[in-house]
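Visitor: Quick paste of what TrEMBL says about this protein:
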type     : residues : note
COMPBIAS : 1-14     : compositional bias 'Low complexity'
REGION   : 1-145    : region 'Disordered'
COMPBIAS : 33-50    : compositional bias 'Basic and acidic residues'
COMPBIAS : 51-68    : compositional bias 'Low complexity'
COMPBIAS : 134-145  : compositional bias 'Basic residues'
REPEAT   : 164-220  : repeat 'RCC1'
DOMAIN   : 166-579  : domain 'RCC1-like'
REGION   : 235-276  : region 'Disordered'
COMPBIAS : 247-259  : compositional bias 'Acidic residues'
REPEAT   : 299-351  : repeat 'RCC1'
REPEAT   : 352-408  : repeat 'RCC1'
REPEAT   : 409-465  : repeat 'RCC1'
REPEAT   : 466-530  : repeat 'RCC1'
REPEAT   : 531-584  : repeat 'RCC1'
Amino acid sequence: MPPKRAAAAASEAARAAKRAKTASASKKTAVKAKADAPKKAAPAKKKETATKTVAAKKAVAPKKAAAPARKKTPKPSEGSDKENADAAPKVNGVKRKRDENEEQPDEVVAGDAQVNGERSTKRAEKEEAEAAPVKKRKIAAPKPAPKRVVRELKAINEPPTQVMDIFVFGEGTAGELGLGSVRVDGKKPIDVKRPRINHNLKGVVQVACGGMHVAALTKDNKILTWGVNDQGALGRDTTWEGGLRDVDDEDEDSDDEDTGMNPKESTPGEIDTSDIPEGTKWVQLVASDSATFALTTTGQVYGWGTFRSNEGILGFNKHVMVQRTPTHVPELSRIKQLAAGLNHVLALDDKNKIYAWGAGQQAQLARRLLERDDLAALYPTGIGALPGRAKAEKIACGSYHSFVIDNKARVIGWGLNNYAELGVEDEAGQDGGFVMRPQLIKSLEGYEIADIAGGEHHSLACTKDGQLITWGRIDGHQVGQPSASFSEDNTIWDERQKPRILLVPTVVPDIGGVVRVAAGTDHSFAITADGKVYSWGFSANYQTGQGTTDDIEAPTLIDNSAIRDRKIVFAGAGGQYGILGALPLEN
């Protein structure tokens, strides 16, 4: 070998040996540093691994690359989706460059480096976790929720117990007589001229009459309903696939001729009780034009149907237009008594507070209503203290007006008064005349009122000594007064000089011993202490039970073979029908 080349070779060998020695020293230093490094808490392990990785990278990598500058993480609204997608993923807080190839050789990167043949802790744990069989996580059965403690309410009301035989009369084409849809024993279930016993009703202890539907409570705690169910007033499903009869093919002599009425509406049926707690006991029912409400022994109230305003259906509450099945009215508790008008209801609680709800456009709720929030009227709201802080004993309603009899046998009233149906002369005879707040009816002072009722535009009451008093609209003989009772002082006359409105409550002559009164739309009833019943008023649909379509001008005894020897204890009425309840005959 030439001297120059040999020298060069020797020089190269010396440099190689020096590099090897340096590399060996570096390795020993790294190993010693690893051995001498103090143990750190678990949370710092990632940082240590990252430090060793950087050291290893410096030792192995042929070239030292400059560390990329840390970029500020953009907010969700900053940057494009592409920029976010291209950003390098972070590993242990350090961005890792994303390689475009699917398969990559092991690279010496932070969090994934080999040091002396050992993988980083995180990668090793990850691979072990992936290799290990996946254990199914046991799902513990949910602990049963603690049983809800339902506070048992104390009974504050007693259910009625006196059973009655029910007699019906009137038009009946809406099924409100409850006689079914076919003839029985040759008798049609419609246009019943005089009282007829209803054999579909057994064990009835109380009856509530609405405009075109009826509800009855039985001794065995069932609520039966019948009549029109267009807005859910019956509280049960009455869907029927039948249709109207063919009048041209009707055989007048057929005993079982179907009237074409829905048999599920015209026949009494039990309400849907699916949402009523077991053990609920009923004490009272009331019916408005398109709704029914029921009171329990514990003072709770349930209802179904809807309310109507001048513009149409108002709703059952803010959230339900038509309530088809019975539901609880949560705003009411400890109620002692209910009363219903055409489209409003009153409730009296055990602390002498009166609630009112429904349609209130005629002031029958005793409060002003804003047009923009007329649905607020659908929630029971207290009417405030009665005049003189009177204590209510009985509540009653006409179609658009309301009454209270207090503990001193005085009458308090409010609502529509354009026909003086409240017994208040102010604004009577004027459209829109009404009494906004409860006021003492001064025209009834001097009488001790025992019972009171209201029709559409007339009212009647009986005193504790059996007198019958009437007032309000006259033109359909609603007040049952003879013409001699009308004078310039107590009556408003129309342009034809006929009596129109009886302004002052007036005693009806030739009848006494009255203990109970009732009113339909334009006809009325009075029951005497000896169990006789009298009727008068509008009779175009036989609703007076007198067997005629002519108006009955004065209280007239209802006398037919069906009730002649019976003691009447109940009378009720709707628009075109009447119902009587009699004590059962002794066996």
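Even glycines carry a Cβ here, placed using N, Cα and C.
Explain the structural surroundings of these features, please.
Guide: Across the repeat 'RCC1' (164-220), DSSP classifies residues as 0 helix, 28 strand, 29 coil.
On the 0 to 100 pLDDT scale, the domain 'RCC1-like' (166-579) averages 95 in the predicted structure.
Secondary structure of the repeat 'RCC1' (352-408), assigned with DSSP and counted as helix (H, G, I), strand (E, B) and coil, comes to 11 helix, 19 strand, 27 coil.
The helix, strand and coil residue counts that DSSP assigns across the repeat 'RCC1' (466-530) are 3 helix, 30 strand, 32 coil.
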Visitor: Counting Cβ pairs under 8 Å to the repeat 'RCC1' (531-584), which of 164-220, 299-351, 352-408, 409-465 comes out on top?
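Guide: Looking at each of 164-220, 299-351, 352-408, 409-465 in turn, the most contacts to the repeat 'RCC1' (531-584) are made by 164-220.
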Visitor: DSSP on the repeat 'RCC1' (409-465): how many residues come out helix, how many strand, how many coil?
Guide: 3 helix, 25 strand, 29 coil
